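S.K.: One structure, as structure tokens, below. Some questions next.
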Amino acid sequence: MKIDTPRSNQIKGLKILDFIYLLLPIILVFSVEVPIPVSGLSYVSINSEDLAIAVLVAITAGYTLLERSYKIDILTPQVACALLASTLWIITSVTVAALRTQGSILGSTLWMLKWIEDIMLFFVLSKTITKNRAKIALHSLIFAGTLLGLIVLVLGVSGAYRPRIFFGNPNTLSAFLLFPTGIWISKAANVGAFRAAGSVTLAAALSIAIAVTGSRSGLLGLFVVVLVSIFLNRNKLGFRDWMGIATTSVGAIFAGFIIADKTTVQRLTGWVEYESGTLSLTNTVAARSFQIRLELIQKAIRLFREYPIFGHGWYASPTRVGPLDVHYTTLLAEIGFIGLCLFVWMYSTFLRVWIRALVAGGSTVAFGATAWYCGLLTQSIGGNFPRTPHLMFITILLLVCVAGDTIGKATN
């Protein structure tokens, strides 16, 4: 039963939500961070997307109470189950860590609240999504991502060292830029020759931007994105077309080497050497970074053996156990073996949503999102990118909007 409200109020509310769906992707990509000084913690802040999500939650809650419409039609129930199960385990790991640890777990608690914000966004989007809003948000996200990539390219041409604009970390920035790159590669396979040339050009420009960030894991992710994009669209273009795309991507990376400053190029290429028929690490800073990753894997495994079930607590790294970096062993150390299994399950449900969408004849966004997430999960051997709030918000938005656009709901 609904309250009899004036029709004009409902139309106005819908327009507000449409506007939020237009702005939210832009706010997520061009995130503005306001640091909050907290003793012993260096990563506490309020971001522009926090305010945008708060507004979306408030409007949704208001209309839900006004109309007494408490039902949420979950387009992706398996994702909802995986998110809730992972959240419960994160809360459990933090609780156990609080009982077991004498020191402060404020950092873990704050990161846990940030994760809960991800879950809130998922259910609010599921409550308000329509096919039209899904299209608005997806177009806005592609536009914002492409624009950011072109800005990074301009910064690289102007001599900036490892741009990190709006993402705070060049590696995380490169992880996001994989998304619009995958989108434009997939679009090239689904449009006419003239528009395909434009799509390939944009994909090449974004590939150069990724190279300019100086992220080695970003280049690895780009390689996976190109391969997955070619595989998913293999029946739409001929062998020559895909060889052209692959060649263009490689050429774009070399162009990035030319544009980037010498320090960035040395970081990307100077960590291995081939001498007397043997491939080995050099003594450069770049090579040392690779060796540190191997040491951090060993450290994470040692930490896991101390508490194999519940781990040391969500985001125990870096505040309580030091940096760990490698995503999968970090999860193993922080939330234990069960937690790692839950996250692997969750990531697989994400991919299933996009694969279902593309099998059902979905838009190129489904193809691009699938390629992007495969690249992101591969890139995560060099960092904790998938669980960072910035990328997690974008992932949630993509999940719900692709489901809303392709699978569709009765309401539009």
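Even glycines carry a Cβ here, placed using N, Cα and C.
Residues or ranges marked as transmembrane segment by TrEMBL: 20-45, 51-67, 79-99, 105-125, 137-161, 167-185, 192-212, 218-235, 242-260, 326-345, 357-378, 390-408. Residues or ranges marked as domain 'O-antigen ligase-related' in TrEMBL: 203-343.
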S.K.: Are there 3 or more C-beta pairs under 8 Å linking the transmembrane segment (105-125) with the transmembrane segment (51-67), counting only pairs at least 6 apart in sequence?
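M.R.: Stretch pair touches.
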S.K.: Between the transmembrane segment (137-161) and the transmembrane segment (192-212), are there three or more CB pairs that fall under 8 A, provided the residues in each pair are separated by 6 or more in sequence?
M.R.: yes
S.K.: Are there 3 or more C-beta pairs under 8 Å linking the transmembrane segment (167-185) with the transmembrane segment (79-99), counting only pairs at least 6 apart in sequence?
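M.R.: Checked: the transmembrane segment (79-99) vs the transmembrane segment (167-185), no contact.
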S.K.: Pairs of Cβ atoms less than 8 Å apart decide it: which stretch in 20-45, 167-185, 218-235, 390-408 has the most with the transmembrane segment (105-125)?
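M.R.: The stretch with the most close Cβ contacts to the transmembrane segment (105-125) is 390-408.
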S.K.: So which residues does the transmembrane segment (357-378) touch in its own chain, when a touch means Cβ under 8 Å and the partner is 6 or more beyond its ends?
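M.R.: Here the qualifying positions are 138, 142, 175, 178-187, 189-190, 220-225, 228-229, 232-233, 347, 350-351, 385-386, 391, 395, 398, 401-403, 405-407.
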S.K.: Who are the chain neighbours of the transmembrane segment (218-235) in space, where the CB to CB distance is under 8 Å and they lie at least 6 residues beyond its ends?
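M.R.: Those are 170-171, 174-175, 177-178, 181-182, 185-186, 189-190, 207, 210-211, 242, 245-246, 249, 253, 268, 358, 367-368, 370-372, 374-376, 378-379, 381-382, in sequence order.
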S.K.: Taking all residues of the domain 'O-antigen ligase-related' (203-343) together, what is their mean pLDDT?
M.R.: 79
S.K.: Please report, as numbers and ranges, the same-chain residues at least 6 past the borders of the transmembrane segment (390-408) whose CB is under 8 Å from any CB of it.
M.R.: 24-25, 28-29, 31, 47, 49, 53, 75-76, 79, 115, 118, 121-122, 125-126, 129-131, 133-135, 137-138, 141, 167, 172, 175-176, 179, 350, 353-354, 356-357, 360-363, 365-366, 369, 373, 376
